[in-house]
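The ATP binding site annotation in Swiss-Prot covers GLY66, PRO67, SER68, GLY69, CYS70, GLY71, LYS72, SER73. Per Swiss-Prot, the feature compositional bias 'Polar residues' maps to 1-18. The domain 'ABC transporter' annotation in Swiss-Prot covers 30-264 and rests on sequence analysis. Per Swiss-Prot, the feature region 'Disordered' maps to 1-21.
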Amino acid sequence: MTATSGARTSDARTSGARTSDAGIGSPAAIELVGVAKDYQTRGRAVPAVSRVDLAIRPGEFFSLLGPSGCGKSTTLRMIAGFEEPTRGRILLQGRDVTAVPPNRRDVNLVFQSYALFPHLDVAGNVAFGLRRRGVKGRELRERVGAMLDLVELSELADRRPRELSGGQQQRVALARALVNRPAALLLDEPLGALDLKLRQTMQIQLKAIQREVGITFLYVTHDQGEALTMSDRIAVMNGGRVEQLASPRDIYERPRTRFVAGFIGTSNLLRRTVRALDAAGPGGRPTVVLDAGTDERLSAPLHPPTGPLRAGDQVELTVRPEKIEMSVSRPDGPGCALRGRIVEVVYLGTYTTYTVATHGGTEITVFWQNSTGAGNVAERGDEIWLSWLPEHSYVLPEPVALPEPVALPGSVVPPETVNQPDSVGPPDSIIPPHSVVAPDSVDPRETVVPAAGTSADPAAYRISH
């Protein structure tokens with residue numbers, strides 16, 4: 001489903017801190033200043049989003065990533081104008097649009113449900129918004145043709161939606177949202193209904209299209225692979241807050257919090273006690289040395305925002321499974337080394353997963369690339385050594401209780417669940433004019449909204465003045 005509601009940037013760091021790096025004289029495409037959203041339930045305020053400060057650069061592919069209930073879709077709907085912030089301001093291209101209705105915001109929104117008009121062919125669906133704006137004749141044909149070329153659907157211009165695959169329908173919805181040249185495009189899990197192979201293909205195509213048109217894309221997803229594949233930057237959300245904002249590589253390689261380390265990819269978390277601090281560790285970087293067994297070694301460089309540490313402090317060391325090597329003898333050198341016994345072996349094609357129980361009682365996962373096809377390097381029950389470079393591990397402060405995902409009490413559906421696969425899309429009254437609308441004769445000054453309980457069929461839509 002496409003909808004209408006724009007702006008240009010900055011940077012937000014851990015826990016919602018805000019900095020601006022859009023460049024002198026260049027406003028953020030989308031900027032949130034202290035934005036919060038509470039829902040009133042049984043006479044009390046339930047926070048769904050808690051003070052988000054965020055700035056998205058012009059032409060950036062930016063993702064909001066997090067589990068269901070973290071507030072990412074609620075944040076997106078506030079930007080689109082479908083939800084009103086309880087506190088804070090929303091700016092699009094430097095203009096405060098907090099109180100501006102969705103149809104007055106220069107952004108378009110693509111939902112997981114594409115809501116293509118079944119009585120119109122592909123070209124008609126793409127042209128619909130242009131016709132609503134009074135574009136006619138040669139300009140209409142050229143703009144529709146260019147957009148169909150962009151999404152590689154020119155040869156299917158005369159087909160109806162029912163004659164298209166899921167991926168083709170998704171591209172029609174994308175073309176319909178882009179043809180009006182919005183300042184920014186908001187996408188709420190648009191690939192969620194596609195199968196795995198098609199979803200992976202569409203990720204590459206979507207990023208290529210974004211790069212070609214140069215429009216700011218704000219993408220909401222719970223899928224780490226989607227965010228890592230397509231994004232220039234990612235904001236990881238949890239409990240209504242931004243836990244970390246960084247590039248995909250930094251999010252994966254240098255998580256700032258225990259939640260990010262556990263949510264992004266697979267991480268091994270080892271709780272240990274600080275034995276000593278080395279001000280000049282490997283590479284001259286400050287290093288923390290942790291307690292380990294006889295002949296074992298554990299250390300990691302210190303990164304902000306770890307904070308000051310002292311001997312005896314409890315910390316967690318995190319290391320990714322693919323960074324770990326296995327050997328039958330104790331490895332030489334200054335790297336990390338632990339002994340263990342293999343308790344599980346799972347063959348997954350491109351790699352094999354080994355679960356290793358260390359002598360300290362912690363289970364560690366190892367991903368071993370199957371590059372030679374020679375079979376397993378070790379078997380269940382084998383005693384082995386695990387090793388990795390200290391710079392491949394990361395020290396996190398002692399874990400604290402993590403906030404639970406926000407869910408409204410009682411039978412109320414949490415805001416985040418609205419556009420999941422078994423959902424019906426946004427509430428009835430929030431579809432802006434030149435997105436999901438009725439036949440071409442409708443006056444462009446009129447707002448078209450679906451009648452309660454109806455499908456995406458334009459015949460079921462009514463006019464609201």
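Glycine is treated like the rest: Cβ placed from N, Cα and C.
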Using a 10 Å cut-off, grab the number of neighbouring Cβ atoms around the Cβ of LYS72 (ATP binding site), all chains included.
30
Measure from the Cβ of SER68 (ATP binding site) and count the other Cβ atoms within 10 Å, all protein chains considered.
14
These are the binding-site residues: GLY66, PRO67, GLY69, GLY71. Which one scores highest on other Cβ atoms within 10 Å?
GLY66
If you count Cβ atoms within 10 Å of the Cβ of SER73 (ATP binding site), leaving out that atom itself, what do you get?
29
What's the number of neighbouring CB atoms sitting within 10 A of the CB on CYS70 (ATP binding site)?
28
Work out the three-state DSSP category of CYS70 (ATP binding site).
coil
